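All remarks here apply to the structure that follows.
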């Protein structure tokens, strides 16, 4: 009988040891898990950062996956030319080519009959001719006066390639494609011995109430703000400047009680578009008090300081900022490497090892 008790207690001890080991493994895994929250206003580049994580850390997009973006790319291209054509009327700009009025009529007719994401050779030719019209180009130059996708020029300048038969989208085409994020999208990947769980949350105002569910246990927030949005208004409220909205949102996040111990990284995104725009449109359109030179460095630093100055706990909390171009894989790779080092450093600090 004694031996029975002995074998039972051996079994119990074995089970206890296994459970301890599992708890230890779980604790180690949890310690290595980084919960990253991507926040920012609509169209600030959050979803493009997520696509880059797939390219950099998850073997990229297969040909089959790239093909799945073809309909989105065609839809983006068609929506872009339609937006420019409609703005021609609103802004009172005339076509230069006598044929363009007929092309506009055909564009509307084909757009109404075509299923979303389709592209016929006839439609491709109509779009190409319209895009070449100097009136359309003049209207495109005034894109901040109406709503136009950032990817418009990328696709419209490359119509021969993207409308050719047998076209397979490449990773750059995928990165430039735009689908409004609704709800919360999670991406998981490993890097530098850490397990990342990245959450991309819709940026439009209607999507923001869903953010609250993600707040618990967040290691780091990456806040995306589009530098190039300083002369643009919101899709959902044309009275509100996009940069002002972004600053307002950043203020509420960086000073929120939920995030008092959370690392915050600011991605000042779309630096490529900003660099081009700042030579034509003065920053004072958004910040009337700005009297500095309208250069990339000066105007960019001024915007950066507008964000960083909102941090009410400067002594205790550092906000790390980077100028980014979310469609540039090498730039994102370099910046994310730096972000990961910040996370590791902050984790060591929390453990008292730094």
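Glycine residues also receive a Cβ, built from the backbone N, Cα and C atoms like all the rest.
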Checking feature assignment: region 'G5 motif' per Swiss-Prot, candidates 324-329, 330-335, 336-341. Which range matches?
324-329
What range among 1-27, 55-81 does Swiss-Prot describe as region 'Disordered'?
1-27
With Swiss-Prot as the source, identify the stretch among 265-272, 273-280, 281-288 annotated region 'G4 motif'.
265-272
In the predicted model, what is the mean pLDDT computed over the domain 'G-alpha' (32-354)?
91
With helix taken as DSSP H, G or I, strand as E or B and everything else coil, how many residues of the compositional bias 'Basic and acidic residues' (8-27) land in each class?
20 helix, 0 strand, 0 coil
Counting only other Cβ atoms and using a 10 Å cut-off, which of the binding-site residues 47, 181 scores lowest?
181
Look up residue 181 (Mg(2+) binding site) in the DSSP assignment and reduce it to helix, strand or coil.
coil
